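S.K.: Quick one: the structure is below, and I'll ask about it shortly.
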Amino acid sequence: MATLIHTLSDHSDDVNYCAFSSSCLATCSLDKTIRVYSLNNFAELPYSPLKGHTYAVHCCCFSPSGHLLASCSTDGTTMVWDTRDGRMLAVLEQPSGSPVRVCRFSPESTYLVSGAADGSVVLWNVQSLKLYRSGNVKDGSLVACAFSPNGNFFVTGSSCGDLTIWDDKMRCLYNEKAHDLGVTCCDISSQPVSDGEHGFRYFQMASCGQDNQIKLWLILFADFLGVELKYKYTLSGHSAPVLACAFSYDGQMLVSGSVDKCVIIHETSTGNTLHTLSRHTRYVTTCAFAPHSPLLATGSMDKTVNIWQFDLKQPSAGNTVENESKVAVEDWSEDDVSAWLCAQDFADFVGLFKMNNIDGKELLNLTKESLTNELKIESLGLRSKVLQKIEELKMKMISASVTIPDEFLCPITRELMKDPVIAADGYSYEKEAIENWISNKRRSSPMTNLPLHSLMLTPNRTLKMAISRWLESQQK
């Protein structure tokens, strides 16, 4: 079941796009702004809204790590922002000066692509924030784009109805007339599927258009075969042009939004409709699943963004921390490990871990030596962070299998505390949780709701030692 849990109404004009990172939601609008919200409580971040574009903002997207946010506008620019403090890092001007309709980061954050109304498409080098290569579609405005999960190629969609596949050298590899009245959006699932016939690993792609249709495709990209695009089937349900489509992280669901004001969630394996959501009062322009939590955002010309939550018993938008207990970590597949890496802000390591066939069992056995010698992670800091997250994962496994003494649980998160501190109300909390509580301008106790006479936090070393001893006893 999908439940509406929050509505954001901060934009003063049509919402054009919304995008998730692992911790934030970004939205952009005809009102020239980008707004950024925390997924913890949907509070707007202190530096939001981001202002800099002089005309409507059409699209926004996060880098895989979530540290960068890109936005593009009718003003002919793509802007890159630092999501930690809202600083504008670069203004990338489309060479032609044409209005920029779409922007996307590649999965490894190597490139940022921008597509414009005159059909120009530009690959920017993310590290240098300089133009790398550029090209043009045959006809029409470029309005849609999606990268393959390995980042070796990307697909663009145009207002004349074509889907074009490019490699990372900006060579046009394939062109297909997909929607008679124009493509409006496209997305590629991050999870591969087998064709069941030759054992090749394909990726699912969805495209939607002004013809009221959503089409599912299979894309094969291999050096020895070139590019192959196979039509799979057409999804029905909308009675008007479909403006947006997006896959859930696991590829099991596809969401679409339409001029008919409806949002439809489809099951990709069968094409069946799982949910029809009809709370927007004008055209639905954008929809996005969160990468590692059961959340969906939908935006509309009614100036609002609706946040929906799914029942975790149903297919959801990926492998979440809440779902970890359903599949033992030892039984995780390589894809489950990839999902976990992304959730910990280690998206850059996904390719490396897959190359070394790291599944759940291998993940739990990783050591400082194996990270250094086998995976060749040179940075001591990154090795330490990975090992720390693995230790936290092991703690969660213990937590799931035994009853934790209540005094070891943070009253805010109800999770085992790692760094307990005492607040002015006399209660102990996980340091990060109480700091977040206070930073959101709350000045009352989470336990008593009475005002905190001081914001000082004192480390509770006695409790930390007790938790450490208890953990050691559970691991014997």
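Cβ coordinates come from backbone N, Cα and C, glycine included.
What you are looking at is a predicted structure, and each value in this text was computed from that prediction instead of being measured.
TrEMBL lists these features:
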DOMAIN    332-396  domain 'SAM'
DOMAIN    403-476  domain 'U-box'
REPEAT    50-91  repeat 'WD'
REPEAT    93-134  repeat 'WD'
REPEAT    146-167  repeat 'WD'
REPEAT    235-276  repeat 'WD'
REPEAT    277-311  repeat 'WD'
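Context for these features, please: burial, neighbours, distances.
M.R.: With DSSP classes pooled into helix, strand and coil, the tally for the domain 'SAM' (332-396) is 47 helix, 0 strand, 18 coil.
Each residue in the domain 'U-box' (403-476) gets a DSSP state, and the totals come to 27 helix, 12 strand, 35 coil.
Per-residue confidence over the repeat 'WD' (50-91) averages out at a pLDDT of 96.
Non-local neighbours of the repeat 'WD' (93-134) in the same chain are 55, 58-65, 68, 70-78, 80, 140-151, 154, 156, 158, 166, 168-170, 190, 347-348, 350-351; each lies 6+ residues outside the stretch with a CB under 8 Å from one of its CB atoms.
Sequence-distant contacts of the repeat 'WD' (146-167) (same chain, at least 6 residues past either end, Cβ-Cβ under 8 Å): 104-108, 110-111, 113, 115, 119, 121, 135, 137-140, 173-192, 203, 205, 207, 209, 217, 219, 221, 227, 229, 351.
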S.K.: Hey, which bits of the same chain come close to the repeat 'WD' (277-311), Cβ under 8 Å, at least six residues off its ends?
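M.R.: For the repeat 'WD' (277-311), the nonlocal Cβ contacts are 1-9, 11-22, 25, 27, 29, 39, 42, 243-249, 253, 255-259, 261-265, 317-322, 339, 342-343.
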S.K.: Reported in the order helix, strand, coil, what are the DSSP residue counts of the repeat 'WD' (50-91)?
M.R.: 0 helix, 24 strand, 18 coil
S.K.: Could you give the number of helix, strand and coil residues in the repeat 'WD' (146-167) as assigned by DSSP?
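M.R.: Counting residues per DSSP class in the repeat 'WD' (146-167), I get 0 helix, 14 strand, 8 coil.
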